[in-house]
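Positions annotated as domain 'DUS-like FMN-binding' by TrEMBL: 29-292. Taken from TrEMBL, the feature FMN binding site covers P31, M32, V33, Q85, H184, A238, R239. The active site, proton donor feature in TrEMBL is assigned to C114.
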Amino acid sequence: MTGDIRETKECQLKDPMDLFHSGQVVKICAPMVRYSKLAFRTLVRKYSCDLCYTPMIVAADFVRSAKARDSEFTTNKGDHPLIVQFAAKEAQVLCDAARIVSPFADGIDLNCGCPQRWAISEGYGACLINKPELVKDMVRHVRSQIDNPKFSVSIKIRIHEDLQRTVDLCQKAEAAGVSWITVHGRSIEERHQPVHYDAIKIIKQSMSIPIVANGDIKTLKDAENVHHLTEADGVMVARGLLANPAMFAGYEETPFQCIQDWVDIALEHGTPFTCFHHHLMYMMERITSKQEKKVFNVLSSTSAVLDYLNDHYGV
């Protein structure tokens with residue numbers, strides 16, 4: 001973490017709220033485990049992504065262990081505006097984590113939406129939507145302990161079956177000083193069911209802070225439709241950007257220039273092979289035949305991947 005971060009001290013941190021006041025829909029890269037790291041954030045920023053999140057980081061580990069800080073959080077001068085997402089269940093631990101990243105990031109986000117069993121059993125993620133007083137307390141603590149008034153504090157949630165409970169949660173968070181709320185339009189139990197965009201719209205109409213819509217946005221057209229359906233101030237995309245990092249720039253599928261950019265950025269950042277390869281597998285999903293996938297997906301070294309891309313695509 002340290003080498004990259006030292007440079008960042010010289011750069012001007014940004015106010016993410018300026019994006020929400022720009023009059024344009026804010027285009028956001030979601031926090032994705034293993035994937036939304038510095039190299040990938042660098043790539044999507046080249047293609048009209050306005051705001052990026054880190055993968056979710058467990059705040060307690062981050063505060064306790066220098067090793068966790070080094071492996072979980074890397075940034076540089078161009079990596080702004082940047083939101084660091086934390087899993088936390090204690091206000092002071094979240095504050096301590098926020099204080100560590102505040103010189104290098106533009107805000108933090110509290111994960112109240114992760115539906116994975118391990119997260120919920122530890123008291124993290126989506127179980128927090130059932131603890132509005134705790135969420136309120138955590139937001140308020142960070143607000144009072146971080147001196148920089150431009151440092152944002154946001155939350156990412158799922159919805160309740162009874163939507164009034166979600167509206168109440170959001171209003172409590174707003175009263176505590178939350179900057180914006182990202183709403184994944186599914187309940188904890190729902191995985192692949194249709195997203196409840198109508199619910200996001202009701203939440204948006206009940207609040208005076210920005211609301212970001214999340215769930216099943218795969219193309220720029222989808223993003224425009226979801227904005228229209230929900231009136232949300234921003235759209236957050238996960239898998240759609242993995243499949244096509246240039247999607248916010250209006251490309252229907254990953255252009256070859258974007259693949260070339262990923263190769264250049266990943267090599268420059270020293271991206272581990274598995275991550276480098278996985279990103280390419282996602283990016284080439286729609287543009288390769290079944291036979292090509294069979295060959296490409298089992299390649300086992302960076303040089304083999306580079307040779308393949310050169311031979312088949314001139315990349």
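A Cβ is built for glycine as well, from the same backbone N, Cα and C atoms used for every other residue.
In terms of local Cβ density within 10 Å, H184 ranks first among the binding-site residues H184, R239. Between the two most distant C-alpha atoms of the annotated FMN binders (P31, M32, V33, Q85, H184, A238, R239) there are 17 Å.
Of all the binding-site residues listed (M32, V33), V33 has the fewest other CB atoms within 10 A of its CB.
Confidence in the domain 'DUS-like FMN-binding' (29-292), given as mean pLDDT, stands at 97. Other Cβ atoms within 10 Å of the Cβ of P31 (FMN binding site), summed over all protein chains shown, number 25. Under 8 Å, Cβ to Cβ, and six or more positions away along its own chain, A238 (FMN binding site) finds A30, M32, N214.
Long-range neighbours of the residue listed as 'active site, proton donor' (same chain, six or more residues apart, CB within less than 8 Å of its CB): M56, A87, I120, Y124, G125, A126. Around Q85 (FMN binding site), the C-beta neighbours below 8 angstroms that are at least 6 residues distant in the chain are P31, Y53, T54, P55, M56, I57, I108, D109, L110, N111, K156.
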